[in-house]
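Taken from TrEMBL as is:
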BINDING   B:345, B:405, B:408  [4Fe-4S] cluster binding site
Ligand code: SF4
């Protein structure tokens, strides 16, 4: 897994609430057997016309906006458990998603793929949207070590929550399987001692 | 004093990471073709085996066609994914109910009907509706593909402990009101994020009165309000359902298991992080009008107006109205529809087919409706035929398709065309879920049956 430490970047605004995993990556693209290539179909139905040409009014097709951070309305990633949603976001080139609320499974999946979900207050989120309305080249800085996110246009910062274990994993680029494999003995003991 | 959830969680805790998640032992793991291939690739890349092959069961369901299953799958990409599942099952020594097998079907249907799903277990699958299995009084939840790989390699998973919520439904459901209506009602009250971070226990008279099929419908939909899962304390209804199924304990093992299962309930006075109470008598037959399952209302109520929606949500609400072709404030009763889908892990069980069939008995399918009736499994299909439901359905102008996920997520050819309205017993009305541009109205089997015979959104109670 790729490490995540500190990131300063312009960002892509998607001020829509309840963006579900069927929008992030529609089911018909889930037929692959590898993790690669999903970035091309990120938000496919919002992004492309039927004939495959880009929809002009969708933010990913607007050259004004770019960057490694996606900023979205509340309850991002609701719906299915498909990790393909995280692969699509990572495959497109995002390293962090900022929202005021995330669905649980999506958040886990993102963390397991080195993508940082940053939970901010509703006010901070609306300021981020305001800043980019004024200046499309506005930037955010996300510092995982100190757990802070800064809106560089206003200079305001906010701290965000992350589980200490997950934070370590991300800072060091380690994943859960490495950890669990190191616990083999405890698994066998558990199986032996279990009474039900 | 412990909640049911705490009892099962603690009994499966192998260790706890300092300041971090719990290492949880998993009793039963299900896999399907869509979310597993990358996990098996991961095992290969790390040179690992499956640690406990007898605890994982595979089925093909998401991609499978619902006609001509005896012939090779036409879509080459779907075929590749199905072949990959078979290859992985063979290479890693796992049980697979492939296309054509008599135990094949939707993963959350075949688990319970074969007795794999039992009270007190921890159950996971790379699929969010794994919450279905909570109906048996087990901790069951959906996981991502990285986590599928973890479970295959170590039979464990790292999870942070969710908060607990109890939702109590007092009283009785009215005539013509189903478990699906109860669930849609609850989600409309809580919204799609209202239970995020929680594991929910359902309790109260209305829940106790439910059959196992109805409990599965309810627990299935827990994820649609953001919950990690939902569970119901096991009781005689549960034990009677499990007893005698193929992989259920037998003889002395059964007695031992039963004694343990009877301890699985929330202790009097145990504290939940949150408690909600509803009155079952308040619930009407429900439909959804928008593009998430929280946008539900009684079948004869009006869609909210823009003023009813808080400001930050208005862009999303209007977007959803535009997609559905509805107006804020509109009443949908009598509105013409094009498709009806009976099936999925939410409403593809035998009771759903019984309810639908009883309703359409002696009536005719409306000419303007294309009806897809898709049993959740081959065992359900067999039961439909054994009980004589098939003949009644045929007489009313309906056909039965072959089992699979089908139009629930439209990965196969069962896609609702753009702009068409589908009254669907599945679980998600997201944009494009049933095909690009498809407009989904979620409902229970009775509202679906009423729509199928009238061709319109109809309150089933007016026809009972
Ligand atoms: S029926 Fe639908 S929700 Fe259930 S497992 Fe299949 S695709 Fe998922």
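Just so it is clear, glycine is given a Cβ too, placed from its N, Cα and C backbone atoms.
Secondary structure at residue B:405 ([4Fe-4S] cluster binding site), taken from DSSP and collapsed to helix, strand or coil, is coil.
Other than the site residues B:345, B:405, B:408, same-chain residues with C-beta atoms no more than 8 angstroms from the centre of those residues' C-beta atoms, the [4Fe-4S] cluster site, are B:61, B:62, B:106, B:108, B:129, B:343, B:344, B:346, B:348, B:376, B:404, B:406, B:409, B:426, B:427. Counting every protein chain shown, 28 other Cβ atoms lie within 10 Å of the Cβ of residue B:345 ([4Fe-4S] cluster binding site). When Cβ atoms from all protein chains are considered, those within 10 Å of residue B:405 ([4Fe-4S] cluster binding site) total 32, not counting its own.
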